[in-house]
Structures are given as C-alpha cells and as structure tokens.
Amino acid sequence: MRNFTEGKRLPLVWVEFAIETTQSAVEPISNILHEAGASGVVIEDAADFQANEKSTEDEVYEFKPEDYPAEGVRVKAYFPENETVKTVVENVKTSINELPRYDVELGANKITLAKVEEEDWAHAWKKYYKPVVVSDTMTIVPSWEVYEPRNTHEQVIELDPGMAFGTGTHPSTVLSLQLMEQYVTKNDEVIDIGTGSGILSIAAAKLGAKQVTALDVDEVAVYSACENIRLNDVNEQITVQQNDLLEAVGTQEADVVVANLLADIILRLTPDVHRVIRPGGCFISAGIIGRRKQDVIDAFEREGFQVLRTAEVEDWVAIAVQAPEA
Ligand SMILES: C[S@@+](CC[C@H](N)C(=O)[O-])C[C@H]1O[C@@H](n2cnc3c(N)ncnc32)[C@H](O)[C@@H]1O
C-alpha cells in the first residue's frame with residue numbers, strides 16, 4: 001500500500017481501444033473495459049447523432065458526424081501505454097468474444113487500436129459534462145463551471161475527474177451518493193473502496209465524516225482523487241491510498257463502507273468486510289446490474305448482514321446493508 005499526499009504525474013501516451021458493436025452489447029462491453037482498468041469509457045451512438053440531426057431545438061452539445069459510427073454504437077476506452085497493455089487488450093478481446101455465449105449480439109465487432117496523446121482526448125469530453133443534481137441538498141459541479149447553490153443547505157462537490165471514473169453522471173455513482181446522504185452521519189469514519197475521482201469520499205467529508213479512507217487499485221484514480229480532494233478543501237479528513245480492495249488495510253474500523261465496484265468484485269470483498277466495519281455499521285455497495293442483485297444480497301446475508309434499502313436506476317442497483325450488532 002502506498003500513501004499519497006502529492007498527486008503523481010500521469011502517463012502521456014494512451015492506447016485507444018475502439019469497438020463498433022450493438023446497443024445491447026454496450027453495457028457488458030463497458031463492464032469488461034472497466035474491469036480491465038480502462039480510464040474512462042466513451043460511447044458514440046449513431047442513434048444520438050441521427051436524433052440530433054432531426055432536432056429543431058437549440059442544442060447544448062455540439063454533435064459532429066465524425067464522432068459517430070454510421071450505424072450501431074462505438075465504444076471507446078483508454079489504457080495507459082505500458083508493458084502490460086498488449087496483454088490487457090488481448091484479454092479484453094477474449095472476454096468480448098465470449099459474450100455471444102450469453103446471448104449478447106456483438107454486431108460488427110470491429111476493433112481498432114490507436115496511440116493517442118493525452119492532450120488529444122483527455123479534455124474533449126468536458127463540453128458534455130454539466131452539473132449533476134443528486135438530491136435537493138447535493139450537486140456535483142465541473143470545476144470549470146460557474147454555479148450558484150440553489151439553497152443554503154446544498155452541498156456542492158467540485159470535480160475535475162480527468163481520466164478517472166466518477167463524474168457523478170453514472171447511475172451507480174448517483175445511487176451511492178443518495179444512500180450515503182441517508183446513512184453517513186456526523187463524525188462517522190468512512191472507507192471508500194474504488195474511489196475513482198474521489199467523489200464519494202469528498203461527499204462523505206461534506207456530510208460530516210471526521211475521517212475518510214479512499215482506496216483505489218489504479219494510480220490514475222489515486223492521482224485524480226488527490227487533486228479533487230484538494231479542490232474541495234477536504235484534505236484534513238481524507239487519506240488516499242493505492243490498494244487492492246482491503247488488502248493492506250490493517251486494524252482500521254469504519255461506521256460506513258462504500259464500494260461502487262462491479263458485482264463480481266463486491267462478492268470478492270464480502271467475506272473480508274467484517275474486519276473493517278463496526279457492529280451495526282452500514283455497507284453501501286453499487287455498480288451492480290439487475291440480474292446480479294440477488295447474488296450480492298445472498299453474499300451479505302451469508303455474512304449476517306441485513307438489507308436496509310435497495311435503490312435502482314435503469315438497470316443499476318445499489319444496496320445498503322447493516323452489519324450484525326456485537
Ligand atoms: C465504478 S468506479 C467508481 C468510482 C467512484 N467511486 C464513483 O462512485 O463514481 C470503480 C473504481 O474501482 C476501482 N477498482 C476496481 N477494482 C479495484 C480493486 N480491486 N481494488 C480497489 N479499487 C478497485 C477502479 O479503478 C475504479 O476507479
């Protein structure tokens with residue numbers, strides 16, 4: 001485990017992985033890319049471009065034909081160029097080619113790889129990123145936007161996620177934040193597993209947590225989390241560590257643990273959570289697709305946890321469970 005007080009330099013050259021596929025394959029392919037450690041997944045849907053062409057209203061976003069495939073969907077992901085990238089890409093291709101076994105139609109399944117300079121793409125998505133209203137009392141605001149809080153109780157989280165996951169636009173992040181508003185209370189100690197941009201840790205600090213540990217296996221995420229924590233002036237409450245799940249977390253205990261990961265990763269985590277969660281504490285997990293919801297609930301119940309609440313948006317599920325009392 002490494003402790004970061006200063007952000008690290010990011011890689012400057014990236015490998016862009018692009019695949020032309022079908023609408024129904026977008027979610028499983030995005031999951032494979034996220035699991036492989038992609039820093040950001042971009043979805044270019046021909047239908048979005050066609051709908052925009054027909055629209056007569058003023059558009060907020062600028063749609064360019066060259067950004068969209070002629071038909072179907074293009075999913076793009078970015079991996080730092082290093083000695084492991086070839087293997088990562090081969091593993092991604094193998095996993096994608098296994099999807100038809102699960103009745104996922106891949107369509108054209110045309111894959112292209114390109115080397116790109118960070119400057120060429122890392123900031124291009126920013127024009128699509130606008131404030132995200134999480135609830136009456138919480139809004140995520142891109143750091144370059146001018147934003148007037150809607151009321152005096154509103155918590156505003158400023159973010160520049162860079163290439164890490166966690167803009168606040170993904171349903172799994174919004175669901176995590178909404179459950180945290182319910183279960184994080186003043187002076188709590190919180191562990192955030194898979195912090196990405198640091199968004200959930202910053203929210204925990206703003207909700208009054210006195211100590212937050214933000215963990216991520218990916219150094220790009222660790223860099224981004226450090227930057228955003230500074231931006232929100234919550235450095236005092238949050239420590240960021242590069243770490244695989246709870247591997248190097250010692251005797252530390254938390255009142256709330258939050259993990260917006262994928263179902264399979266949460267299942268790897270469940271037997272280990274007792275170690276870090278206080279009796280009666282709350283575990284919020286998200287990033288679970290609908291058909292895996294019961295697997296995750298079963299795993300927590302086997303460990304003696306009780307479901308407090310589940311929340312769903314589109315096909316994404318978040319689950320809050322309570323640890324057994326001592
Ligand atoms: C879906 S993103 C969530 C980001 C942010 N917490 C949010 O809610 O938007 C998942 C994050 O978990 C990290 N991750 C994946 N596997 C991990 C592991 N084994 N240990 C720690 N972090 C992991 C990824 O690097 C990524 O930043």
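Going from the start of the chain as shown, residues are counted 1 onward.
Cβ coordinates come from backbone N, Cα and C, glycine included.
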TrEMBL annotation, S-adenosyl-L-methionine site containing Gly194, Asp216, Asn260 - matching residue among Thr173, Thr239, Thr270: Thr173
Per DSSP, three-state class assigned to Asp216 (S-adenosyl-L-methionine binding site): strand
Extra residues within 8 Å (Cβ to Cβ centroid of Thr173, Gly194, Asp216, Asn260), S-adenosyl-L-methionine: Phe165, Gly166, Ser176, Asp192, Ile193, Thr195, Gly196, Ile199, Leu200, Ala221, Ala259, Leu261, Gly287
Under 8 Å by Cβ from Asp216 (S-adenosyl-L-methionine binding site), same chain, sequence gap 6 or more: Ala164, Gly194, Thr195, Gly196, Val222, Ala225, Val240, Gln242, Asn243
